[in-house]
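Participant: Pasting the feature list from TrEMBL:
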- T197: active site, nucleophile (ACT_SITE)
- R225, I226, G227, D228, T247, G248, E249, G250: substrate binding site (BINDING)
Amino acid sequence: MGGWAIAVHGGAGVDPNLPKERQDEANKLLTRCLNIGICALRSNLPAIDVVELVVRELETDPLFNSGCGSALTEKITVEMEASIMDGPKRRCGAVSGLSTVKNPVSLARLVMDKSPHSYLAFSGAEEFAKKQGVELVDNEYFITEENVGMLKLAKEANSILFDYRIPTIGTCGAGAPVMDSPLQMNGLPISVYIPETVGCVVVDKEGGCAAATSTGGLMNKMTGRIGDSPLIGSGTYACELCGVSCTGEGEAIIRSTLAREVAAVMEYKGLNLNEAVDFVIKNRLDEGKAGLIAVSRNGEVACGFNTTGMFRGCATEEGFMEVGVW
């Protein structure tokens with residue numbers, strides 16, 4: 001074992017003209033979250049506790065698309081989802097369709113620890129949350145004025161908006177996205193591709209891996225839509241070999257079971273972590289756009305993406321620390 005390691009992400013697919021202020025805000029938040037995780041690992045918290053702790057912090061800050069600041073559905077509501085997985089015994093928990101739970105990742109943890117199931121959704125998940133006594137808030141808590149404005153643009157464009165904050169190349173004077181984008185989802189055109197799901201992966205000093213992912217989904221999505229983030233093996237996966245959290249075009253990640261593929265090629269092809277991440281990004285996404293972060297039981301950390309950029313940061317016990325966008 002090579003010591004502990006941690007990685008965080010705030011979404012793959014970044015506008016090439018991303019304002020520097022936005023980059024600085026993202027880097028500051030990711031650095032803060034990394035430091036929270038580093039302190040926890042130095043205090044000998046197990047990996048599963050650290051990923052929950054870090055993702056809770058990301059959910060509480062409105063900068064990225066999870067918890068407070070989540071993307072809005074076509075009905076101007078928030079439907080959040082999250083998952084968490086503990087590698088050593090491959091225990092997992094997931095939730096979808098949350099509208100009042102302040103920290104979805106912690107409810108996913110409770111599904112794993114306190115229920116006989118692995119996945120709860122919508123009213124069933126909300127009822128379970130009440131029974132568990134987790135912090136609940138009105139749906140309005142998650143909705144920002146900025147998101148309401150971007151939902152209006154998405155509706156005017158009659159499109160799903162992947163990025164709902166950053167102006168992109170090819171917008172008209174009114175600010176509505178151009179509709180002749182070559183990007184597609186399940187064969188249908190979409191406007192821009194810059195999702196901002198959050199996630200964290202950790203290997204602790206005992207070599208135990210864990211992963212967690214949380215998101216508000218897509219701006220102007222159909223109510224009831226479920227993406228990759230709560231799907232074990234697609235958006236999140238952890239086993240005795242590694243921990244993986246994905247971000248990007250959810251439908252492509254689902255089709256490729258992207259997170260599980262990293263572990264599979266390590267196990268069946270004998271690749272190391274960096275080789276596995278590189279192979280999966282290049283060979284398993286078809287025409288989809290996505291990224292991922294990963295750690296191995298040997299203390300390795302890696303990230304990969306086929307988009308213009310990915311909000312990300314990582315650190316190791318040896319003192320390496322890096323935060324980046326491009």
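Each residue, glycine too, has its Cβ placed from N, Cα and C.
Curation plays no part in TrEMBL annotations; they are all automatic predictions.
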Participant: If one measures from the C-alpha of T247 (substrate binding site) to the C-alpha of the residue listed as 'active site, nucleophile', what distance in angstrom results, rounded to a whole number?
Facilitator: 6
Participant: List the Cα distance (Å, whole number) between R225 (substrate binding site) and T197 (active site, nucleophile).
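Facilitator: Roughly 15 Å, rounded to the nearest whole number.
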